[in-house]
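In what follows, a structure is listed as structure tokens, so that the remarks can point back to it.
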């Protein structure tokens, strides 16, 4: 009886599935088709106890950028009584089955999207009969075999996305009949042969992607002649050859031209005729055998954001018309440009790479000017192996070096008795970094559609299965295009070079995160040693270490190791912009020596004298000298105890084991400091209760520095000095003042910083040094927010600055802002970053809860940031006693103006209304949000950046400034105090 009831219940459920609550039904055949499709794909969580078209659980979930779990229906058939499945979207489900054959059982299916799964097998030819299909996306799977010619029957198809699989064979000529196709993505497969001539008929095509394939033949003319609706073409490492055909003047919608690594004939710009493209945003013609000069007509590309003409054979001078472009990144590295570097490039704040050229003069002595990479940009005039911009900065020791060990992108570590130096070079687009220990790296390029913050990778939590030395593989440096490491001052010899790799962005296992393919070339001393090197293949899996060993002959004291991406491998798995050369560690050593070995001393190595019976004159003299030495030694102990005990205390605090990791500072002697500052008689940059800051000159780096000599009467004691050294030496960010070195000797406490040519922010805002334009002011706030975001969220530990104010914000020669003075800062774990004890800071910038409780937090730093933001907007100090009581407090005054709807009136009158009204409102509103009396209602620094970038709306604040309230105990959950964003506005409760 029970079996009969169960059978009846099952029949009843199936019957119910065909009837919707609104009277519409899904045909039984489509229900069974879905069941079969789910079984084939490996989709096991579809709930067939409810109707698929009811939009219930497991059938329709909220989609994100990478995730979708949706089956949608159209229930408008037969007077709204019948439903049909129209879309199946199963993205990032890690489905491990195969593609179903029976799509025709869903006769109204318009789209199937199986992006980022683990599906295998081939594309069924039966899909060619599903003629209602408009979109197919199989991106990021393990599919193999050719494209079925039957897909040419899908005459309604507008999108065919097959990137990142293992498909092969030639492209079917019949696909030229897909007259409605707009998106054809075939990148990162193994296709061969030529582009069919029939593709000339694809005149609706808007996007064509064929990067990372094995095509042959020249780029066909039809691409730029027939496809008049083309918006984007991606052709990196496609296998095709040049020359690049001329571009039809009617391609007005062309926005992205991304082509790289062409073989074959040369191309000149006169052939391309590309200066008629009004919407062009990205032009990348990297390593395309371009020759000749950049034409004057390039100045018409007013919409361009990325211009990459790197690694070609372009020559002549850089035309000044390029200064008219509104670019964000310009890469002209790896060419033969000559003449002088234009002054407008040296003054730009945008990212420009001019490295590896033949300029006669750069106009600066450094390898980097603002955001311009000038490394090796001048033709060499000597045979020292050191490029001209480093000649004055590198001083080789009297004895040449025999070893260089670098933990790329990571901190200083010791593995198997070998100490690997920290590599804290700044991450970002086209950077150059020189270590004080005579090695350097140059990184060029930018990640397109980048989802990641920088080019230093860290995965401390992953346990790597390697042949020892796992700590070396938890960090890595990655570059979007070209990464070159240099070792200088080496002895001329044949070196053993060990390159340490581990793939830490992909995973193992049956998920789409394991399907990425990183491939790049390796060059040693200019010779290509590995082509299309794949770390996962070489190591036997992701997360496994691999050491590649080479021999390198050094004849001029310099060794060059170059990693270059040539367009091969995936670029969007497991997410976008995961590609480019990656290196975990570099070890260079002279095999004549052994690690830790030191040459024997030239003295003291002879035989011992024979014993004699009586004391010689020499021996007697030795005894007398020894007694004299003992006397001086005893006196010296007392002297040291009085004068040098301070130095030992500092060393104990500053250089204990817990603080050694990650520190890379020069330790100057007091004699060196005296030379820098003309015996402390040089120009004074500042003076206060802490002591004096002198302008100094560091001869070996040929640069000016700021020397901070802490007064012995200053309240800044040993702990504050050690705190400043520890924290800022561990921090590497473009908007933090760089600490070059320190000196503690004979009771002196001295810090040596980079020189900031334009002094402190307060000297401009309040002392009339320079009238800062609005553009400069808004950029300063963004720079300060960037620095604070790094301190609070991006480092290994959260750093609470605790004294953010205008006088601690320094401005370089280009008015880029850098946060300094870390004497009061505290280094804490992120989990404990909600508060730290001991009152510190400056009145007027202190948050109310700090005054009442003495406890600092990330929110109190944000409060100080908000005060500075208001000072920048209003041009007046946080506290001005000269004003009447209602206006003495800047915060109260601005909030009152906001409540009375007179916020524009508080703008700095010295600007004479020359500012962007939208940005001014943004700055004032964010400033008020940050100084909210209730710390739990202040934004995080991340949220302020989103508002500054107009990625989030302005907050809604109460008209009257709330009264501060204090909890008996401050919560440790930082996130709980952050208001949530909504789609329309941000509301901060009263």
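Just so you know, glycine gets a Cβ as well, placed from its N, Cα and C.
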Give the range, chosen from 618-640, 641-663, 664-686, 687-709, that TrEMBL lists as transmembrane segment.
618-640
Taking DSSP as the reference, which of helix, strand or coil describes residue 708 (ATP binding site)?
strand
State the count of C-beta atoms found within 10 angstroms of the C-beta of residue 708 (ATP binding site), not counting that atom itself.
25
Return the average pLDDT for the domain 'Protein kinase' (679-957) as a whole number.
83
